[in-house]
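Okay, so here's the structure we're looking at.
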């Protein structure tokens, strides 16, 4: 590289690729000081200092940057180009290397995972295990003393130390197994959290829009924002229309905050309320625009807050209930162990008078009693119960990913099993969300219907094809239609060919947009005002035809000859109304396209254009009917929901006729008494009337987002467990109010996804049914393990207590080592086997269980008590009468009998595990065993 002249610099100067350091930019956004922003040169200053382009964005070819010399004695930057690069790597293999090195990327630092040794300590950190370890060490010491200090015969091997070692090995194995389970759980949840945090945004680079993950954003990027987006990084608004942010997550301010582009502020606006600063992780509730990223990662406002927090995931309701049950069982086992210790200790003291044992043997005998009591506590305390829920949730959430359900909140997974109602959207959930124009009406003379897309249309409609109709329109009408669709749209880019009009994107860059009113669910229309070459203005409007028709004063009369408008007559209104009703009866979504020419714009004080006045006197251009086909699996999914005891309700913005047609087609309306109501009518009811109508309400049409929230609340007040789907920003209140909330992974906004507990990755209703299946599977899995664990607890404690008290040598039918082995078996292997059973399809053949239902049902108690009595009788008979039954008299045969008793007990647990695979009344114990 040819050397350039480098001025002499003092030793106090440093070389950096940028003159603004990251902390300065972070503090600028935090202070929201417009004066500081203008002191940096405003838009042009930031553009220069961050080495970006506000019109085309960062260059995709950027890798390394020449450095600027920054003196430590001054705040200004002396821009000196130096020939050295900041890295020796080849630039073509890396993007934004210097920018990432200096400002960082947008990846938040994740909390390091716990080490395996840390997990082992957490598994071992239990006072009972501490006592058992101490007792095992004492037992080992006494055993070694007996082994090394005494002489043994050939038939009496020196094995006194084995029991102490065996207990220590059992403790180590239990600790390792618990740590391995925790490690696997941690690994799965980290993968799940990483998936949850993955989302993309639209940015401008090299004059083209690109969709990139939020982690790839760097300082200097130009980011597009629109309603429903969650801002990925701190920035300043460059351009925008009516942008409002919900900053409650960052500042606690509940009201949306107006944001103004930098150009609207002045260097002399001290004390004004102009605010171009947008904080990361805040929500765009209205308007569209572009922002310049100035702070990312830990230097952004959200990153700084996150660094100061320690998040606690908390416990689910089922975990809390099981923890209480485990505590009660632990109290029972503690009392039983204490009684056992007292009784055996009394027997030990009574036997001391006639004992011929040495002092070390007497000490070992007492230690055996103590170890047995501690072991009873260890095996009886069901520490595996809360772990079982965690394992069940971990397994379910992982498998639900393959069924297109991303679980954001674990409690939702178990709550789904109790759901009684589903309030679903129509578009994208029950339908394919692929809007196809199949019918249209231009002016009062031209219309078309695409019979290939919808063959079952009434015969009274004209059979003109879409292409034939478009060819008959005049050039002026087609130009106006293309501009109306292309300009009045907030989509970033489009590859679709609408109505055979060709690509529409170039039409946007050819006009000067004066102002823009984005679409809103409550308004149901959007407006774009542009300045025409003649100096006048034109407003392009599109939205719900029943709303816009009342605002129209004119209509295009001869679209085949040109854009000629005439006052709209009563006959015209009736004709258009009939067409809208006809389209709606065919399940078509309709929208009107209007426009209005103005010589000058009406203003409303300092608030800008008075859109209310602009909307008076519109000219109707056309009515278009779009078809969104029903998903192929929608009908089956709705019928499965009905069979599972769930009530499906549809909440949509479509009109009454369209909503009813779709609801009947997918099987939501099944009874003549089912109610279909529009939002206006629903809002007019008082609270008591709403409660009366809600149980029969199956379709809520032309609804506002708040209508969905009220419906959810009314259902919850009636004791129902409600699941809700939502995709828009305004759905957030209803999603937050629901017991289980589903957001759309494809069509949903970031705000909706943040407010939801489960994200539907494919936006389909059938995925909701699968989530219900897994929710019930979690509950069933826990009950299976609970039934199995309590049976082992009752039998092990009962056998140890009865046999040790009844035996003259105070020995239990099961030794401490054997009890520890059973504990390892029940808490790990059995838990994994029972909890990882996939749900059978018949799990949806029963009604949902209420949240207040007991953890242990009457059928489960029958199984627990029956199995406990059976196992105790068989084991005790073998232990006390086995020698007589099998004629065992020698010492070696007695050892074989001890082994036979233990193996019999273990085999009964294994077969009982098969019994517990079915908590319902089923005789097929191996059903579905090949699927686990």
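Glycine too: its Cβ is placed from the backbone N, Cα and C atoms.
Note that the coordinates shown come from a computational prediction; the quantities given were computed from them, not determined experimentally.
Checked against TrEMBL, the range among 869-889, 890-910, 911-931 recorded as transmembrane segment is 869-889.
Cross-referencing 223-246, 247-270, 271-294 with TrEMBL places the feature region 'Disordered' at 247-270.
Of the listed segments 741-762, 763-784, 785-806, TrEMBL assigns transmembrane segment to 785-806. Cross-referencing 73-99, 100-126, 370-396, 397-423 with TrEMBL places the feature transmembrane segment at 370-396. As stated in TrEMBL, the feature transmembrane segment covers range 329-350 out of the listed 197-218, 307-328, 329-350, 439-460. Residues 365-366, 369-370, 372-374, 376-377, 380-382, 790, 793, 797, 800-801, 804-805, 810 of the same chain lie 6 or more positions beyond the ends of the transmembrane segment (329-350) yet place their CB under 8 Å from a CB of it. Long-range contacts of the transmembrane segment (785-806) within its own chain (CB-CB distance under 8 A, at least 6 residues past either end) are made by residues 322, 325, 329, 333, 336-337, 339-340, 343-344, 347, 372, 375-376, 379-380, 382, 384-385, 388, 812-814, 819, 822, 826-827, 830-831, 834-835, 855-856, 860, 863-864, 867-868, 871-872, 875-876, 879-880, 905, 909, 912-913, 916, 919. Restricting the average to the domain 'P-type ATPase A' (197-308) gives a pLDDT of 81.
The residues of the domain 'Cation-transporting P-type ATPase C-terminal' (812-931), classed with DSSP into helix (H, G, I), strand (E, B) and coil, number 82 helix, 0 strand, 38 coil.
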